[in-house]
Structure formats: structure tokens, C-alpha cells
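This is the feature table in TrEMBL:
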TRANSMEM  A:12-35  transmembrane segment
TRANSMEM  A:47-79  transmembrane segment
TRANSMEM  A:91-114  transmembrane segment
TRANSMEM  A:134-156  transmembrane segment
TRANSMEM  A:185-211  transmembrane segment
TRANSMEM  A:217-238  transmembrane segment
TRANSMEM  A:250-272  transmembrane segment
Amino acid sequence: MDISFVILVEMLYAVASLVLISAGLAVVFGMMKVINLAHGEFMMMGGYATITAVGLGVNVFVAMLVIAPLIVGLIGLVVERLVIRHLYGRLVDTMLATWGLSLMFIGLATMIFGNTTTGISTPIAGFAVGDYQINGYNFFIIVVAILLVIALYALFRGTRAGLIARGTMQRSDMAAALGYSPDRIYMATFFCGSALSGLAGAILAPLVGLVPTSGGAYIAKAFITVIAGGPSLIAGLVSSATTFGFVSQVFTFAISPVIGEVALLIAAVILLRAMPQGITSRFFRGKL
Amino acid sequence: MGGSATRSAAREVILTLVVAAILIAAMPLLIGTYTLTVLVIYGMLGLSLGLIWGFGGILCFGQAAFFGLGAYIYAISAVNIGESTLPMILAVLLTAGFALLLGAMMFYGRLTDVYLGVITLVVTLILFKFINSTAGPQYVIGEARLGGFNGIPGFQTLNVPGDPGAYIWGDALYYVCAVALVIVFLLVTWLLRSSFGRIAVGIRENETRMALMGYDVAARKTVLFAIGAAIAGLAGALFASWAEIVTPTLFSLGQSAEIIIWCIVGGLGTRLGPVVGAAGLAYLEFVLGQQSMIDNTLIMGLVLVIFVLFLPRGLVPAIASLWQGSVGAFGRRRPVRRMRRARHG
């Protein structure tokens, strides 16, 4: 009984962390068809922003939930204005440019923070379930991921800004004709995506030792999750995160964590081979 | 027409050989042969991606997978066999075979651009994670322990065929690698002049049209992909012989990124560009590695961003068009440049 509860929590946690890791990339890719390969570094910077802020005496939750997303969002804004703005519609070029950006951020972080591991302790204590110890922070991550998905859905479905954003993504010329500036909307969307990346990096920072190259661990997973999700933003994100989280945890518990990681990757290959346009090209069509 | 094409081909081969001979003889005066060897090997690796990306339109995010695979196959079989000729051949053939399977899976599944990128990236990651986790003594192939993160040291390096005692190293290894690069370069030239190469360029330009003309697009892409992998495998085997150790970092994302940067900076759709880009940037990195003021990665990233934004065609085409512009007589041939570039580099 206890073990099944532990496994359930671990599964949910795996899915939740995939959702968190991929959300920023999903917004930017799903809305603007831009693949931001510097996404992992945005997360890394979110982590550093949190740790620095906590070091300066800020409350850890304020640092994670407010300061880190704001700082990374602003960095994203600068990046969008300077680089990505010039490359809309050129998918491969944006990938290469953002890859270059990711290398630059790694270099900058190495110069500023040094090539050493830093970290903060998790702010929520663990508790025991029968014979097993569960990390209380895992629940926090699960809750944040659920709230994030609900907030995204509410934003895009329920608000006027979301409606304008979706309209612009479908027909930017029509949106422009109706008096909305696509340029500004893209800018705002990229800001939101970057802020989400910063948030994810901040929330995961207490769980991992942070080094300037930390981003590399996230980008591949996020990239795979978003691409496998397919055209629908939220449905794709949730469905592919669930699939991959489930597969990797099953193999992690059955064999070993390394096999779990490999199983996730193999699942991605099989999934893309079977559904080359992603999960939501076949299921949940037309959903958001 | 046919006669003049053959003649211009022969003239190009002779020109290539002469320039290559001068470069091979002159470069050791400027840079030590130990560094030069690895620049030449990287040049070959750059060429392998330049072929499939620049001429086949296949953006492979995992060219490092084939590079690492070639190196590991060479190391493992060299430990078991105790000489280097057969391991060299195995490194090329098995890598190509692996790419053939992977390519068939992707191209018959009609995967394109981003999705292709994801799959090749994922395969590289799988190899990286797997090799990294093979530290235990149960991971043995023949007599070779895979060694996990520490890699495989102490295998037989390159020797004169038939005589395992006669090692090829130092200056000699440089000349062997350089000649190998020239041979591969000429083979690529020949391949691109053949009908196979022209059809590959046709597929890059318009896949649907080539399919409607009756060409088996999937099969041709698969074969081209495998040829690119074979070249990367050869480069990997030579690299293993140069470094005398193979480690999982050969499969890393950073390595894949670098190969792509070489191609972009050197110039896609040319044969020379990726070679020049690879050797040039690898040397730049080597020089920058000797100072500690500015982080190396920062500069490489900056180079990539600047090239994508301001010089997306790369160095070699930019210099070539400057040259043609200044000569003037060729300045008006713009509309046909794309095809010319595809054929002549």
C-alpha cells in the first residue's frame, strides 16, 4: 500500500516536472513556431536568479515565483528584440541562433558565477509514509504544475489578450488589419515563454546542484516533449508529458534510473515514428 | 558539352591536388603537427555533415553520434584484434550500417526538418547516456571494457597495415590524416558530380517534384545519410587513434553543436566551407583556450549568432561572391548561382 502511494507520487512528480520544464518552450513554439534552444539556459538563469536573491535575504518563495520569472522574462525580451525578431519564419535559423545564445549564456554564467556547483536547500520538509520517506517539495512541484496548466488555459481561453494572441498566431496579417501589432504580440508572448522558463528553473533549483551547464539537462527533454506533443499547445504538453513521465517512471522502478531515461528517449523515437506530427495531430484535434 | 564537363572536372581535381599538396607541406611550418592532425580530422567531420546537410538538406543534430560510434567501434575492435587495419574498416562500415538503419526508419517514416532533428538528437543522447552508464565490469565486448565515463584507454593505435609493431604517430599520422581528407574530399566531389549527387541536390530543392519524377526519395536520402555517417565514422576512428582514448564526451550535445556551427560558419552547400569552418574554428578555440579572460563558450556562441544574423550563407560563399563581384565579368550570373554552387562548390 505504502509503496504504491510512493510510486503514484513519483509518477505525478515526473509528469509535473516535465510539464514545468517544457511549458516555456511549448508557449514559444506552439504560438510562434520558434524553437528556443536557449530554453535550458533560461532555466539555468532562473535558478541562479533565485539563489542570488535568496543569498541577498529575499524570501525563497518570493524569489522563485516572482523575481526569477521577471528577471528571465526581461532577459528574454532583450533576446527577442536583438536576435529572434529578425528570424521569424525561419525555423532552422532561429534554432541555430538560439543555440548560439545558449552557448553565450553558459559562457557568461561561467564568467560570473564560476564553474562550481551552487544550490539552496529545499524549503519544504519531507515526511514519512509507512516505511518510506517522501520529499515534501515534490508535492509543491505537482501543485505548481497543475496551477500552471490551469492558468495557461484560462489565459488563452478566457481573456481578451489570449484571444488576440491566438488570433495573431493563426493569421498575423488579419490581426494587423484589425489594428493589433503582431510585433508587440510576439514580443509579449516571448516574454511570457521566457518567464515560464525562468519559473521552471527557479522551482527546480533546490532539487539540483546548479552549474552553468545545467541547462543542457533540460533542453533535450523539453524539446522532445514539446515536439512529441504536436500542434495543440496545452493538450499536447499535458499528453506528451504524461506519456513520457509514465514510461520513464515505470522503467525507473522496474530496472534503474538510467534505463528509465533511455526508455523515455526510445519512447520518443517510437512515438514520432508512429505520429510524425506529434500526439495532438491525431488525438485531441482542434483543442487548445 | 560532355567533353568540356569532363575536362573541367579533371582540371578541378588537379587544382585540388596541387592546393592540397601545398597546404599539407606548408601548414606544419605554422602550426604543430599534433594540433594540425586534429584540425584535419575535424575538417573531415565537418565535411560529413556538410555533405548531408548542405547537399541533401538533411539537418542531422546528431552527427557526433556517428563520430563517437566510429571512435568506439575502432577502440573496441582494436583492443580485441590487436592491429588497426580491420578496426578502421569496421569503424566505417558499422557506422554506415547503423546510419542506414536509422535513416531508413526516419526517411521511410517521412519525417522532416524539426522532427528529424529531434530523432537524431535523441539517438545521440541515448548513446551518451548508455555509454556513460557502462562503468561496471559486466559491460565487456570481447576483451574491451567499455569503462563508462572514463572511456577506453590503451588500445592499439594506427599502424602500418600488416605490421602491428609499426605505429603511425606524430608527423606520420598527420600526413595519413591529411591524405585521407583529400581522398574523402575528392570522393565527395565525384559523388556530387554523379547523377546520384545531382538528384540529391534536386531532393533538397524540391522533394515532391523529385518524387513525382519517379525517384525513390526515401532510399536516396537514406543512402546519402549513410555515406555522411561513414565519413564521420572514419573521422572518429582517426580521432581515436590520435587521442589514444575514447570517452563518452564524443557523443555529447556540445560536440554535435560544434559540427553544426562549423558548417554554418564555413558555408552550407559548399564542399570546402565545412572543412574550412571546422579547421578554422577548432584552431580559434585552441588559441582562445590559452587565455582565461573571456570564456571560450561565450565566443563560440557569439560567432554562431553573428553568422546566423549577418552572414547566413557562411564564409566561403561570401568570399566567393566578393571575388566574383570584384572580377566583374562573373558578377551578372546571380540567377544561376544556386545550381553552380551545388555543382562546383
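Even glycines carry a Cβ here, placed using N, Cα and C.
Looking at the shown structure, what environment does each listed feature sit in?
When Cβ-Cβ distances below 8 Å are used as the criterion, the transmembrane segment (A:47-79) is approached by residues 38, 101, 109, 113, 118-120, 123, 187, 190-199, 201-206, 208, 210, 214 of the same chain, each at least six residues removed from its ends.
Proximity of distant same-chain residues to the transmembrane segment (A:134-156), defined by a Cβ-Cβ separation under 8 Å and at least 6 residues beyond the stretch ends, is recorded for 6, 9-10, 12-13, 15-17, 19-20, 23, 27, 122-128, 162, 165-166, 196, 199, 203-204, 206-207, 233-234, 237-238, 288.
Below 8 angstroms of C-beta separation, residues 18-19, 21-27, 29-31, 35, 37, 39-40, 43, 102, 149, 152-153, 156, 200-201, 208, 244, 264-265, 268, 271-272, 275, 277-282, 284-288 of the same chain, each at least six residues beyond the ends of the transmembrane segment (A:217-238), sit close to that stretch.
Listed as Cβ neighbours of the transmembrane segment (A:250-272) (distance under 8 Å, sequence separation of 6 or more from its ends, same chain) are residues 7, 10, 221, 224, 227-228, 240, 243-244, 278-279.
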Using Cβ atoms and a strict cutoff of less than 8 Å, what residues sit near the transmembrane segment (A:91-114) while being 6 or more residues removed from its termini?
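Residues 33-42, 44-45, 48, 79, 83-84, 212-213, 215, 219 contact the transmembrane segment (A:91-114) from elsewhere in the chain.
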